[in-house]
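Below: one structure, written as structure tokens.
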Amino acid sequence: MLVLLCICTGFLAAFYFRWFPTQFINFLYITSTLEKATHIKTNPYNEICQVFRDGRKIYFKFRFLKYELQEDKFKPLEFEPKNANQLNTKEVQIRQLDYGQALMKIPMIGFLEFTLEELSTPFYTLQYLCVVIWLVQGFFYFAIVMMSCSLISTFIKFYLLRQSLKRLQSLAAIHQQVIVIRDDQLIKIDVNELVPGDIINLQTMIVPADCIITGMALLNEATLTGESNPVPKQTGQILFEGTKILEVNAGSTAQIIRTNYSTIRGQYFRNVLYPHKVTHKFYTQAMKFLGGFVIFNIIIAGATLVIYLDYTTELILANIFSTLTWIFPPAMPIFFSLTATIALLRLKNENIIGSNMDKIHISGQVDVACFDKTGTLTTNELTVIGLWDKQDCNICISCCHHICQSEGQLVGDILDLEMFRYSQSKIVFDKNDIQITSKDQKIYKIIKIFDFNSELMMMSVIVECENKYYLCSKGAPEKLQSKLNSHNEEMLLQLSFYVNQGYRVISLAQKEINQKDLNLDRMQLEANLNFLGYLIFENQLKNDTADVMKQLIESNLKVKILSGDNPLTTVNTAYNIGIANEVVKLFDIRNSEIVEIDIKRIEDKQQIIQQKSYLIDVKDLQNYIYTLNHQFALTGDFMEYCNLHKLDVPSLYQRTIVFARVKPHQKKEVIFMHQQLKCCVAMIGDGSNDCSAISQADIGVSFSQADASYTAHFSSLDQSIKCIVTILAQGRATAQTLSEIFPLYILLSFLATCAYTCLALEGQNYSDFQLLFLSFLCYIPIMASMTLTKALPNLSKELPLDDMYQLNNQLSFYTHVFIFTGGLLVSVAIIMNAENHHFDQPDPPIKDYLRRGMLNTATVIIAQIYSQFLPFIFIISKPFKEECYKNYAYMTYSILSFSITILFVFCKPTQQFLDLVDFNSEIDHFDIFLLLIMAGTIILDIIIQNILQIRFPRKRYL
């Protein structure tokens, strides 16, 4: 039935359903109960998935994941590791059916599939209508060349997409074999044959799937976190797919729990393959603008309808539809694709890889930039600058770490390594034993390690020394305070002093325990600790951070820091990079009370000038915040408090420059809230904790080639923060170019419509070659060369005004329309009222056009001249692009094209080439008159446009 409907409607139904998938679903499917359902509609994606039934199981597959009905809800199929027993052959076969192959397969789209999808968009559909009309009117060459250009543009986009997918394929592939325990045997298999529940022997290799370790191993998780520090893992912890095992204890095994796209790494790839669909403001506003212009054209067409009374019905219909082909520029999709492609190639030359063509234009409208701190604004390196101790800290700084040894070198977290070097101790690894000799020659033995916990924000070790046992702990000062047996004013003052200087401070504590307590729960052990002191680290800014931030701030971009670090340390970083000025108000929650801290930098030193704690009604708090005229810093705890009590979060976040001690989901929330305020947000980060925020942002930027950067729209191949300036500058240049080419093409098309109407007065039209020459040797090459202008390297305080529906752009455009249409009509009027003007008037009803004549010649030359000089008027180079004269391709073609035009005007032999007649055959020196008229309209338009640009600038200020 559907096929029959498409055939009967000339495939118009197919296009309609392609553009409106909801209508397709409503046409093809009816609502049903789950018991009878054959398909499931996924919300809000509007994708249809087939329902499968296997006994009592009901499931469907959506975007590489299997969703199974559990407790009246469809949930992703997950393996629950209840025990670590080996599998038998039958269990393996069942799980292969349930979970599929272990490795991700990146789907490679075929050329035919891509072409059908690309060429069924509204713009291309309009082009098909235009091609049919051109063929009916006899413009065969023109129609063929236009479709050829569209196919070439489609092929280029297909090639870029295939290259991107091939890159993903190479990144996703893991080519190796593993030893698995099945049926009481050790079997070597390909990693693709693994299933959840399999027990594998660990060795130095790439982890083939997410799995739970039994034993101990040292891993490089750079592909997950972006940081190359080796991470020790022990029994019960998860090894993530794609990470690399550097060393492993003999006999260590792991149970597979997630494979394919259900792994953490798989989710990153899934986000890349199915990015959030964004409706571009430029395109929606451009369509509104075009809609208004269509109404303008319809009014003109209605007023000139009397011209066509002497034509046959067939020719009248052809004229009406032909007018539509000029109103809607059929080659516009080519310029959209070309502009974005050139911008991405330029970024690639700067070692920046763009994975989403649509995002380059959006990057030109970014007005808020959010930065992760550690590893993004600052380096990953830490340096110990000192120790403030109240008791002997030697045992703690010597032993409270999880340092391992790989190939004779000490490896581990940077903080642990720096602390151990500062202790001047020596460490010996003897199989599973770790023995440490301190600088005062005391010998310690590590009994148990409680690794760093992101919720507790601390780690601990149990140490034996001279038959005594100690629990040593280190962690975030504000978290460790709740574990201490006592507090005093001095320790709080010292903490405030160091964090206000921007140092990273680690709190140290310990207590002696009995041997019988060694097996107690961690939470029981980590209580009633004795405070020892603070270890102070310095985490310096990257070399280019200050310069880049200065550029961003001078361009009036709103810069914010999103960090999991101490709030006072993060505020200090805000002062160092220049986004904080005067007083910053920090809001935190401690012991259910609101803590308000006023921070100010005095003589290059950060100081707390006021601190208070209070309980307050939510409405009073909101009203109080509204009265404040300060920059804010918020902690993650305060953000949770705001959400719980439903404060006006968006307006509060807009005035906040620092978000500290925030969790990954809170970073995403900050991005979302700014988007609710109609901000265009960029997120710049380097670790897995930034992935959700990067994915949520309008543009996401990562500085590494790690798996964590796969969610980013732009990835820099080096660690320089300058990449964000390059991306924004290129984005602004791209947005400006589009806002120039779009109205220019519309204007040239409208002038062609007017010329077409004037020619109809004498039964004339363009010849096939004339139309081909004007479009593909005048209009399109010049506009294509406009896209080659380079972006200026520095950012300005303005953004391109690419909203075509704005009054500024409307005034500018319609001024062009009236001036240049006037120049065309004046030229036509002079010709038609000349004493010696004559033409072969066809007898009515007119069945065909004349393709040659004085009017035809004049309109062709006018179109040529305007196509060469209008771009100079439309181009606004500064402050986004280089001057147009530095675009050598554009200038060369413009000069060449103008030279050819002059030849056509003054050299009679060349006029035959384009089916032109002698300019001066009817009016003496008409060639000079025509050039003067064109020059006069161009000069008049330049003067008026300069006046409008002063009064109604076509750019907006940040």
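Glycine residues also receive a Cβ, built from the backbone N, Cα and C atoms like all the rest.
Quick caveat, the model's predicted, so the values are computed rather than measured.
Per TrEMBL, the features are:
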- 139-160: transmembrane segment (TRANSMEM)
- 175-250: domain 'P-type ATPase A' (DOMAIN)
- 289-309: transmembrane segment (TRANSMEM)
- 315-345: transmembrane segment (TRANSMEM)
- 742-763: transmembrane segment (TRANSMEM)
- 769-792: transmembrane segment (TRANSMEM)
- 813-834: transmembrane segment (TRANSMEM)
- 854-876: transmembrane segment (TRANSMEM)
- 888-906: transmembrane segment (TRANSMEM)
- 926-948: transmembrane segment (TRANSMEM)
### Task
Report yes or no: does the transmembrane segment (926-948) come within contact of the transmembrane segment (854-876), defined as 3 or more CB pairs under 8 Å with a sequence separation of 6 or more?
yes
### Message
Please tell me whether the transmembrane segment (888-906) and the transmembrane segment (742-763) touch - that is, whether there are at least 3 C-beta pairs under 8 Å between them, with each pair 6 or more apart in sequence.
### Response
no
### Query
So which residues does the transmembrane segment (769-792) touch in its own chain, when a touch means Cβ under 8 Å and the partner is 6 or more beyond its ends?
134, 139, 141-142, 145-146, 149, 331, 334-335, 338-339, 342, 346, 729-730, 732-734, 737, 740-741, 744-745, 748, 752, 851, 856, 860, 863-864, 867-868, 871, 875, 877-882, 884, 886-887, 889-890, 893-894, 897, 914-915
### Task
Please work out the helix, strand and coil residue numbers for the domain 'P-type ATPase A' (175-250) from the DSSP assignment.
7 helix, 38 strand, 31 coil
